[in-house]
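*Asks:* Starting off with a structure, shown below.
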Amino acid sequence: MKVLILIIASVLLIGVECKDGFPVDSEGCILLPCATRAYCSVNCKFMKGSGGSCDTLACHCKGLPEDAKVQDKPTNKCGRK
């Protein structure tokens with residue numbers, strides 16, 4: 001019983017950090033234009049996210065891995081710093 005409580009407490013304390021945002025390529029260009037909510041959700045899940053939705057003509061993904069490249073806002077810099 002003590003072991004079970006220890007495991008549950010450990011899981012709650014460790015947590016899992018995830019990113020939310022607009023996925024971008026190496027040039028900083030937004031990857032997924034928004035077609036439908038279902039399209040965004042499927043593509044965000046393909047990128048190992050928990051899901052996605054349409055937001056300002058771009059897909060906004062939720063629950064992406066920490067190493068995913070994202071922008072917080074849907075401004076498309078595309079190669080500009």
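Glycine is treated like the rest: Cβ placed from N, Cα and C.
Heads up, here are the entries from Swiss-Prot:
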type	residues	note
DISULFID	Cys29-Cys78	disulfide bond
DISULFID	Cys34-Cys54	disulfide bond
DISULFID	Cys40-Cys59	disulfide bond
DISULFID	Cys44-Cys61	disulfide bond
DOMAIN	19-78	domain 'LCN-type CS-alpha/beta'
MOD_RES	Cys78	cysteine amide
SIGNAL	1-18	signal peptide
*Asks:* Helix, strand or coil at Cys54 (disulfide bond), per DSSP?
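*Replies:* Once the DSSP labels are grouped into three classes, Cys54 (disulfide bond) ends up as strand.
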*Asks:* Find the shortest Cα-Cα separation between Cys59 (disulfide bond) and the disulfide-bonded residues Cys29, Cys34, Cys44, Cys78, and name the residue that gives it.
*Replies:* Cys34
*Asks:* Just checking the disulfide-bonded residues Cys29, Cys44, Cys78: which sit within 10 A of Cys54 (disulfide bond), CA to CA?
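*Replies:* Neighbours among disulfide-bonded residues: none.
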*Asks:* Give me the Cα-Cα distance between Cys44 (disulfide bond) and Cys78 (disulfide bond), rounded to a whole Å.
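*Replies:* If we compare the Cα positions of Cys44 (disulfide bond) and Cys78 (disulfide bond), the gap is 20 Å.
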*Asks:* Which residues, sitting 6 or more apart from Cys61 (disulfide bond) on the same chain, put a CB under 8 Å from its CB?
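*Replies:* Listed in sequence order: Asp20, Gly21, Phe22, Pro23, Leu32, Cys40, Asn43, Cys44, Met47, Gly49, Gly51, Gly52, Ala68, Val70.
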*Asks:* I'd like the Cβ neighbour count for Cys54 (disulfide bond), meaning other Cβ atoms within 10 Å of its Cβ, all protein chains included.
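*Replies:* The answer is 18.
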*Asks:* According to DSSP, which kind of secondary structure is Cys61 (disulfide bond) found in, if we only use helix, strand and coil?
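*Replies:* DSSP call for Cys61 (disulfide bond): strand.
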*Asks:* What's the CA-CA gap between Cys34 (disulfide bond) and Cys78 (disulfide bond) in angstrom, rounded?
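*Replies:* With distance taken Cα to Cα, Cys78 (disulfide bond) is 17 Å from Cys34 (disulfide bond).
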*Asks:* Per DSSP, what is the residue tally for the domain 'LCN-type CS-alpha/beta' (19-78) in helix, strand and coil?
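*Replies:* Helix (H, G, I), strand (E, B), coil: 10 helix, 22 strand, 28 coil.
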